[in-house]
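Trainee: Heads up, here are the entries from TrEMBL:
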type	residues	note
ACT_SITE	His222	active site
BINDING	Ala125, Asn192	NAD(+) binding site
DOMAIN	8-122	domain 'Aspartate/homoserine dehydrogenase NAD-binding'
DOMAIN	170-257	domain 'Aspartate dehydrogenase'
Amino acid sequence: MKRVGLLGCGAMGTQIALAIDSGKIPATLTHVYDDSKEKSALLVEKLINKPEIVENSHLLSSNPVDIVVEAASQDAVRDASLSVLQNKKDLMIMSVGALLDESIYDILSDACKDFKKTIYLPSGAIAGLDGIKSIKDELESLSITTTKHPRSLKGAKFFETSDINLDEINSSTVIFQGMAKEAVSLFPANINVAALLSLSGIGSEKTKVKIIADPNTDKNTHHIEAEGKFGKMTFTIENYPDTINPKTSRLAILSAIETLRKYCSDDIQIGT
Ligand SMILES: NC(=O)C1=CN([C@@H]2O[C@H](COP(=O)(O)OP(=O)(O)OC[C@H]3O[C@@H](n4cnc5c(N)ncnc54)[C@H](OP(=O)(O)O)[C@@H]3O)[C@@H](O)[C@H]2O)C=CC1
Ligand SMILES: O=C([O-])CC(=O)C(=O)O
């Protein structure tokens with residue numbers, strides 16, 4: 001049975017832990033860490049099989065786990081990822097935006113090879129990455145338009161320097177248009193999906209991102225368009241937000257659970 005260390009005990013981390021505890025993921029959750037001691041304690045309280053709460057993120061991978069699952073933040077990825085690989089543990093990353101910094105990507109990619117370990121990036125809140133990966137050499141344009149309720153965009157760094165007041169938006173409003181690289185840095189908890197698309201396709205400086213705040217929607221919608229010599233692909237994913245964290249879609253959590261289940265199972269693997 002695989003042993004899992006969990007970094008981040010928020011909306012996603014809690015659901016992953018519960019999926020392990022219920023047996024849906026055939027694994028043992030042995031260690032957890034969150035910057036918020038309250039959140040880690042609250043999570044452990046919910047579990048029948050109680051993991052140990054460690055004192056810092058590095059202690060997750062210095063313990064005998066097989067994989068560390070990051071469901072915390074881009075800062076957590078920057079801070080803890082390399083030590084996970086150096087400690088010869090696999091790593092699953094949900095805050096994928098951190099990997100659009102080429103120096104971080106290169107260091108982690110080299111570390112995977114040096115320590116013979118793997119980083120898993122679940123498809124998260126989108127679908128279609130199998131197709132994008134397959135046609136990437138023939139891809140000429142790639143874009144994602146994300147529409148969320150203003151409350152799902154609250155707290156993003158973008159608003160520190162913008163005149164836009166989310167509380168005053170009363171109809172569908174484009175609040176950002178640019179490339180994925182800039183988008184994930186200005187909206188670190190909202191648009192990690194643009195990083196997944198970039199890494200699967202033509203890179204973060206060619207992947208276009210539009211973010212729309214719509215007070216009349218109850219969904220987190222991602223519309224993806226890819227065009228090139230292969231033809232054209234469009235995907236629209238209309239996600240219900242998680243009930244605890246409206247920034248995060250239910251699909252992102254289910255995708256994390258499925259990726260970890262696959263990692264922990266000896267099973268037939270379906271899809272690209
Ligand atoms: N790849 C994808 O498609 C998607 C990725 N995500 C990303 O997944 C991550 C988890 O999402 P979710 O669970 O909904 O987020 P939450 O905010 O609900 O939970 C994250 C938890 O991690 C804690 N945390 C943040 N930074 C650190 C750190 N450096 N070390 C330890 N703990 C930390 C937070 O504490 P505190 O609250 O005190 O900051 C919080 O308790 C987020 O980064 C989110 O943006 C989400 C949806 C889709
Ligand atoms: O969950 C979503 O819809 C997308 C999201 O927050 C992200 O990519 O960071």
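Every residue, even glycine, has its Cβ placed from backbone N, Cα and C.
Note: TrEMBL annotation is automatic and uncurated.
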Trainee: Report the mean pLDDT of the predicted model across the domain 'Aspartate/homoserine dehydrogenase NAD-binding' (8-122), rounded to a whole number.
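Mentor: Mean pLDDT for the domain 'Aspartate/homoserine dehydrogenase NAD-binding' (8-122): 98.
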Trainee: What's the number of neighbouring CB atoms sitting within 10 A of the CB on the residue listed as 'active site'?
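Mentor: Within a 10 Å radius of the Cβ of the residue listed as 'active site' lie 26 other Cβ atoms.
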Trainee: I want to verify one value. Collapsing DSSP to three states, which class is Asn192 (NAD(+) binding site)?
Mentor: helix
Trainee: Got a sec? Which of Ala125, Asn192, His222, the recorded positions, have CB under 6 Å of any ligand 1 atom?
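Mentor: The recorded positions passing the 6 Å Cβ test are Ala125, Asn192.
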Trainee: In whole Å, how far is Ala125 (NAD(+) binding site) from His222 (active site) when you measure between their Cα atoms?
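Mentor: Here the two Cα atoms are 8 Å apart.
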Trainee: With H, G and I counted as helix, E and B as strand and the rest as coil, say where DSSP puts Ala125 (NAD(+) binding site).
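Mentor: DSSP call for Ala125 (NAD(+) binding site): coil, neither helix nor strand.
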Trainee: Just to be sure I understand the packing, how many Cβ atoms besides its own are within 10 Å of the Cβ of Ala125 (NAD(+) binding site)?
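Mentor: The Cβ of Ala125 (NAD(+) binding site) has 27 Cβ neighbours within 10 Å.
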Trainee: Which residues does Asn192 (NAD(+) binding site) neighbour through Cβ under 8 Å, counting only same-chain ones at least six apart?
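Mentor: Looking at Cβ-Cβ distances below 8 Å from Asn192 (NAD(+) binding site), excluding near sequence neighbours, one finds Met94, Ser95, Val96, Gly97, Gly124, Ala125, Val184.
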